[in-house]
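*Asks:* Please read through the structure below; I'll follow up with questions.
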Amino acid sequence: MEKNLMWKKIKEKTLQGEGISQEEAYYLASWPMEKLGEIFYLSRQVRERFGGRNVELCAIINARSGLCSEDCHFCAQSSRFKTGVEVYPLIDVEKALEKAQRMEAAGVKRFALVTSGKGIGERDFEKVLEIYQVLKTKTRLKLCASLGIIDEEKARRLKEVGVTSYHHNLETGRSYFSKICTTHTFEERVATIQAARNAGLNICSGGIIGLGEIMEHRLEMIFELKKLGVMSVPVNILNPIPGTPLANQERLSIEEILKTLILFRLIIPRAVFRLCGGRERGLGENQKEALVMAVNGLMVGNYLTTWGNRIQEDLDMIAEVGLKVLV
C-alpha cells in the first residue's frame, strides 16, 4: 500500500512539473524490467507536457583539438593517451562561420565553439571573442561556448559578444569523479558553472553515462545539476576510444540507458535533455524511444572527435516518431 501511494504521488507531482525526490528516484530505479513500462509511459507524458512535440537541435565545432593537459579517462584529446586524435590550434573565423551557417541552414538553433584543454589562455580567448562577434552578426543562431574552466570575468566578456549559454559538464557523480579524472576536481567544475551563471549566462551541463559508474552515481550527478538550477542537460553515452583508459569499458545495455534517461526526466521535468555523443552506437534504432519518452534535444552533425549521423537521418528520425524540430 505504501509503495502504491508513493507511485501515485510520483505521478501527480511530475505532471505538475515538480521533480521526484532522491528517495523516489531510488525507488523507481529498483523496479524490475517487466514493470518499467509504467515509468516509461509517465516519462512520455511529462516530456510532452513540458516540451510539447518539439526537439531542439544544437551543434558544435571542435575549435581547438588535442594536447590537453588533463587526464579525463574517456577523452581522446588528452596528451597523456596515445589515441591518434587530430591536433590543431584554434580555427579561424572563416571555418567557424562556414560550419555555423551550414548548421543553421539545416535547422540547428544553437551552436558552440568547443576548445580542448583545462581552460583557455588570453590570446586564444581574444580570438574566440572575435569569432563570436562575427557569428552574432552573420547568423541568427543562439551562441553557446564550451572553453573549459573559466572565471566570472571571462564569462562576462563572452556575454558581451553575444554568447547566451555556457556549457561545462559535471561528467559524473561527485563521489565517482576521481575515478575518471585526477588532474582537476569536481569542485572546480561546479565553480565554473557558478561563475558563468553569476555573469548572466545560461548553463548547459550534464555528463557521460557508461564510464563504469552505477545508477547511484548517475542519480548523484542529476541531483547535483538540479541543485545548481541547470535546465539544459546534455547526456552523452560513452563511445570507448582506443588508447584511453576506458577503451575496453563494457557497454551499457539499451534498457539501462533508457531507464537512466527517464529517471533524469522525472527528476527535472521541465529541463531540455539533449542526447549527444555516443547515441548512435549506444542506442541505435532505440534513439526513437528516447526521443518519445525522455529527451527533447539532439546534438547533430559530428562530435568532438567522433562522427555522428548525417543531419538528414536525424531529421527523418524525428519525423518518423511524430515530433518536429523546434524553430
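Note: Cβ is positioned from N, Cα and C throughout, glycine not excepted.
It should be emphasised that the depicted structure is a prediction, and the values quoted were computed from it without experimental measurement.
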*Asks:* In TrEMBL, the [2Fe-2S] cluster site includes CYS144, ARG274. Which of CYS75, CYS204 does it also list there?
*Replies:* CYS204
*Asks:* Can you count the other CB atoms that lie within 10 A of the CB of CYS72 ([4Fe-4S] cluster binding site)?
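*Replies:* Result for CYS72 ([4Fe-4S] cluster binding site): 25 other Cβ atoms within 10 Å.
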*Asks:* Taking the mean position of the Cβ atoms of CYS144, CYS204, ARG274 as the [2Fe-2S] cluster site, which residues outside that list, in the same chain, have a Cβ no more than 8 Å away, listed in sequence order?
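*Replies:* So the extra residues in range turn out to be CYS58, ARG110, ALA112, SER165, HIS167, SER232, PRO234, VAL272, GLY297.
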*Asks:* Cα of CYS68 ([4Fe-4S] cluster binding site) to Cα of CYS204 ([2Fe-2S] cluster binding site): how many Å, rounded?
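*Replies:* Answer for this pair: 22 Å between alpha carbons.
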*Asks:* CYS204 ([2Fe-2S] cluster binding site) has how many other Cβ neighbours within 10 Å of its own Cβ?
*Replies:* 26
*Asks:* Going by DSSP, give the three-state secondary structure for CYS72 ([4Fe-4S] cluster binding site).
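*Replies:* The three-state answer is coil.
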*Asks:* Enumerate the residues of the same chain, CYS68, CYS72, CYS75 excluded, that satisfy the criterion Cβ within 8 A of the mean position of the Cβ atoms of the recorded [4Fe-4S] cluster site; list them in sequence order.
*Replies:* GLU70, ASP71, PHE74, ALA76, GLN77, SER78, SER116, CYS181
